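Structure record follows, encoded as structure tokens.
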Amino acid sequence: MMLIILLFVTASFAKYISNVVTLGAGQQWKYISKFAVDVGAGEWELKAKFNKPINETYKDDISLVASVYIDDNWDEVMDTNDCKTKVDLSRRERFLFLNPNGEWSEQLNGKLSQKLRPHIWYFAISDCEGKLSDKTRIKVEMHFVNEGHSEFSTEDNGLVYLYPILLVLYLIALSGNIFRLIKMFQKTNDIETNVIFFNSSIGCQFGGIFFQCIHLWVYSYNGKGITVFDFFSQSLEIVSTLIITILFILMATGWTLKQKEFPDADVYIPVGLMVVLLNLVIVGLGRITDDSYYKFSDYEGIIGFLLILIRIGLWGWFIYLIRGLMTKVHGKMSQFVTQFAALATIYFLALPALIIISWLFAPYFRNKVVILGSTVIQMGVFVFLTHLFSEKSTYYKISSMSDSVLPGKMR
């Protein structure tokens, strides 16, 4: 495995981006990329070329302007439509000479310095003089290095150390649960369906963290990582979350509490698949808008709003079901259902709350707020469910798990 990973590694220690932008025919200014730099000094490099030769139309080099902006006045830059005004608002500007034959320009480079706090720096390319009369596609490549020669932007700094710790913790949890499953099977010759659901969720979360570890490790060397591994990571984390969501909703119907039979799969499987597909579409949208000027985490803009709506919608469904269940239970079971509803509500609404809270922080802190917060909540839920499905819990004693013969089991 390590040999395969090394095939992706190069000697470059920087964030690397490659974008194609269109200038000309009224489009005079285009955003390229951004990079958040810690207190100290970062570095940047830029080169560009025409995506296709345009020497039939132009004979001489075309001079464009590469502009560097700081976050202090970025909103003002985006509020104006005048190209020259946008350029005047930049902290620095450099001429970029492009050969009409489609050859790479000379490489521009510079430093990004700040003394008091981290700053986000934005980069754009412009043709305010209108030298390009037709729409022309330009390929731009950039490299960034943070303070201390780190290849990560400020919002991602430190994650390369966090995920291996999480990987070990989830490995311990998954191994312990598998060991308990084996002992349970040896004792009863049965395994509960809800326990399989739960451990499948932990397994998916473990897989997601594993892929993210590899992606970040490779990124720390080549500034690009392995994009497909990043996609796998997000997809597995979505599946993990969905399994817990479905488990809570099924329990809200009274499954394992009031009835032993598994609920009607014709209802829950299509809904589950629809939610999975919707979340995967959101992940895809996130990939497309990954380096947008307004995006500092996976939960910015329309993606964040969609995730909030999905979670609140699922919570509403859960509340509808749990209220129906409360009218059918009494005594210890009623007390348990009330406590379960409160804890599940925290789970459903935690991510929307975290996303909204993250918007109160500086953009370069938002990603860490959501990642750390959601990690703590997810691990808390796993600890809660580990206890819930153990023989010492109230749920175990009042549910079908304590029966000698369980029709809701996987055999």
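Backbone N, Cα and C atoms are what each Cβ position is placed from, and that goes for glycine too.
The domain 'GPR180/TMEM145 transmembrane' feature in TrEMBL is assigned to 166-385. The annotation transmembrane segment is assigned in TrEMBL to 161-182, 194-218, 238-255, 267-289, 301-320, 340-362, 368-389.
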Touch test for the transmembrane segment (161-182) and the transmembrane segment (340-362), at least 3 Cβ pairs under 8 Å: no
Tertiary contacts of the transmembrane segment (301-320) (same chain, 6+ residues out, Cβ under 8 Å): 245, 248-249, 252, 275, 278-279, 282, 285-286, 289, 292, 294-295, 341, 344-345, 348-349, 351-352, 355-356
Residues from the same chain, set at least six apart from the ends of the transmembrane segment (340-362), whose C-beta lies under 8 A from its own: 118, 244-245, 248, 251-252, 297, 299, 304, 307-308, 311-312, 314-315, 318-319, 322, 326, 369-370, 373-374, 377, 381, 384, 395
